[in-house]
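As recorded in TrEMBL:
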DOMAIN    A:10-153  domain 'Aspartate/ornithine carbamoyltransferase carbamoyl-P binding'
BINDING   A:62, A:63, A:112, A:140, A:143, A:268, A:269  carbamoyl phosphate binding site
BINDING   A:90, A:173, A:227  L-aspartate binding site
DOMAIN    A:160-305  domain 'Aspartate/ornithine carbamoyltransferase Asp/Orn-binding'
């Protein structure tokens, strides 16, 4: 079998576009990067002289820091551009800004934007590498990849495994990236939440819909609990935090129904006591912090592959 | 002929102060830096261990990122200080802040400030190298230098060439830096705009004033279109965006009157459809993105020369 | 005599916790770091590959830049996370955020927070090194250490020396760190200010209380002038800026009563004409800028010692 050794694409915009071989290449490369990151001196000269920009139109500590760690492990230069201090306040259009960064010699732009499709627009109109770090309600591909990486680390493979994604599916780019990736790799994905939070037509992505967490949890291999956006409360999506937590939160009582080796995941940040209780978030089954560790490895793998590296495995 | 090999000055505050020899030295050095920036690994150890601060009191993506790229090409450390997170909110006076940075061991401060003369104040009261990245309506010397660098790249020399600077001359630090530099180098500078946007006495800087774009464009070698500050609209400077665009905007119709090899420039960010149409901004005559590329080279040259380097050409 | 060669602690939270031997080790190490910082190329590879985060919930140019300089001298990676662009706006709790940074591979977090005890909370719940860069009205240990470093540099030792700390003691984390450290090292500390600004029970920390600056100044060896928070004016702490300056400000008139070799200090930023006149702030006795220089050395020493270094003196 001939393994794919390099990504034949300029950008990483979403898991929707990736082939199974590409996903596997990224995950394989991430394994090497995780080893590098764990060294006493976690620094290799691979991307020396490469310039990376984080261009975030939404607040972020975790994702932005994770990309910074990844870039620095590979010895790349990284400059963080926050929106409030950017020329976007002067009304420059996005494509012009991206093209400006391109001709300055920037090698990659890591973009987060509240508008779905913004990174795609940037990628299409520029020669610079664009990595989507979250676009509106569309995709958050590095989160999807680190979730799948973590699942494979725990269970060897996701093929045939039952994965529950629980919460506000409609407003979750994490859910969408997970569904695209997991179904490609042969997992059985079930999205669980109140009907108001499940978008119509989600089955077309390959996921099954359920409104009954208690029923689905019984034979689940993975449970990925989504963060509830507290600011949506009172907008008719769910009656109250308490009721949501009771029906769709993960707590000790509900966990008793699950298989003993079920793996509990959460993309963070956690609302303790809402979608997940502290007992479970800090318990034996959870891999929430391992997901965060793996995020650095996955992001380093992407920077490596998109900035010209080849996997020599 | 003995070429000047080093800048005999601590700071770069404006083109007003620079001698012709100094301007030529900077542009010559920028040519070397452009070559370095284009290498597969654009990184030389020249400024290893030097500490540079960007200290911006106004929003900026482009200029700040450009300086970051320049610093990193030369292996300098660079720390970005944004105003909102600075001790300036505590009322510390500017000179004290600068002296504090100086005694911390900072080697150069790149300052943008809404007040004309702020970098001069900082420079005069401190031993640290100060680079003006734009001060009020006074100067934006690195923009002026990169504009001239680009002109020379296109036409060999600016001596005797006719350069139009079109727009709101009164509120343009870009215009002022261009006029100072270009007239020193022997270019014929004509400032063009509505009478409300041309400051009295501008002729003393060596520029000719014209209100008739259509007449001046005919034999122009360079047209530098300034950005219109949309927020000034309705303040009596011009009746409407549409009327401004018709009289002083650069569009396909007007371009027909120009020489075929006229070079169209813009300091960015562009207001498409206002001072310049997309057809022209993306057309064959424009060098707008080349200006941006050259900005990194010019800034690297300045960091190199001001932080102790000599040009060995 | 066996000198302590390494810090037996994970974090630096305050001078309250440090032993005399630890304080001396830090100051001794800072002397070496000051020498490194003064080299033509102030860069050693000691912390290559280490990742440091500044995590500031309050505005800061000086302290944050000082830590950046210190980190870069030691070749560490440093990423600045400002609060407004952080996931804290999403309501993530502090401990979860810190644990996330820890598992990403961050080696040290430098934290400033308006809440006293926040860095302690972070430190206790995480394996990552936490350095307190100021927590509410509790401590600002690196300021305390750099103050003591500067005092020892000027007078050899602080043992038996009389140190006045003048101003709003109640709201000063600088005062508290100084008192803890100086009394441990055998200095005689007198806190001076209006009764409304001296907290009850401060004597238990080992400081004497006085309301009479003119009397205490006569035999003082050091005068540490605290910054007056102008925003507290009109809240009953002092009648007016003018009256405060007259009674508790340091001016030429009052300085005549002091010993000729008294050392004047200020943690900055200075309110010129309020707690100190420009004449004194820029005068012969002051070491205010030396304090700033020493801040980089002390912070480098702490990063070195807390990230695994040993002092080989």
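Backbone N, Cα and C atoms are what each Cβ position is placed from, and that goes for glycine too.
The structure displayed is predicted, hence computed values, not measured ones.
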- [ ] Note down the number of other Cβ atoms within 10 Å of the Cβ of residue A:269 (carbamoyl phosphate binding site), including every protein chain shown.
- [x] 18
- [ ] Looking only at C-alpha atoms, tell me how far residue A:140 (carbamoyl phosphate binding site) is from residue A:227 (L-aspartate binding site), rounded to the nearest Å.
- [x] 14
Task: Helix, strand and coil totals (DSSP H, G, I; E, B; other) for the domain 'Aspartate/ornithine carbamoyltransferase carbamoyl-P binding' (A:10-153) - done: 68 helix, 27 strand, 49 coil
TODO: Write down the Cα-Cα distance for residue A:173 (L-aspartate binding site) and residue A:268 (carbamoyl phosphate binding site), rounded and given in Å.
DONE: 13
Open item on the list: These are the binding-site residues: A:62, A:140, A:173. Which one scores highest on other Cβ atoms within 10 Å?
Closed with: A:140
- [ ] Would you mind splitting the domain 'Aspartate/ornithine carbamoyltransferase Asp/Orn-binding' (A:160-305) into helix, strand and coil residue counts from DSSP?
- [x] 66 helix, 24 strand, 56 coil
Task: Distant-in-sequence Cβ neighbours of residue A:227 (L-aspartate binding site), under 8 Å, six or more positions away - done: A:167, A:266, A:267, A:268, A:269, A:270, A:271, A:275
Open item on the list: Among all protein chains shown, how many Cβ atoms are found within 10 Å of the Cβ of residue A:63 (carbamoyl phosphate binding site), not counting that one?
Closed with: 23
- [ ] Quick one: give me the count of other CB atoms within 10 A of the CB of residue A:143 (carbamoyl phosphate binding site).
- [x] 26
Task: Of A:112, A:140, A:143, A:173, chain C-adjacent binding-site residues (C-beta under 8 angstroms) - done: none
Open item on the list: Measuring Cα to Cα, how many Å separate residue A:63 (carbamoyl phosphate binding site) from residue A:173 (L-aspartate binding site)?
Closed with: 14
TODO: Give the maximum pairwise CA distance in Å, whole number, for the residues A:62, A:63, A:112, A:140, A:143, A:268, A:269 listed as binding carbamoyl phosphate.
DONE: 17
Task: Among A:62, A:112, A:143, which are recorded as binding-site residues, the nearest neighbour of residue A:173 (L-aspartate binding site) by Cα - done: A:143
Open item on the list: For the domain 'Aspartate/ornithine carbamoyltransferase carbamoyl-P binding' (A:10-153), report the average pLDDT of the model, please.
Closed with: 92
Task: Around the Cβ of residue A:268 (carbamoyl phosphate binding site), the count of other Cβ atoms that are within 10 Å - done: 23
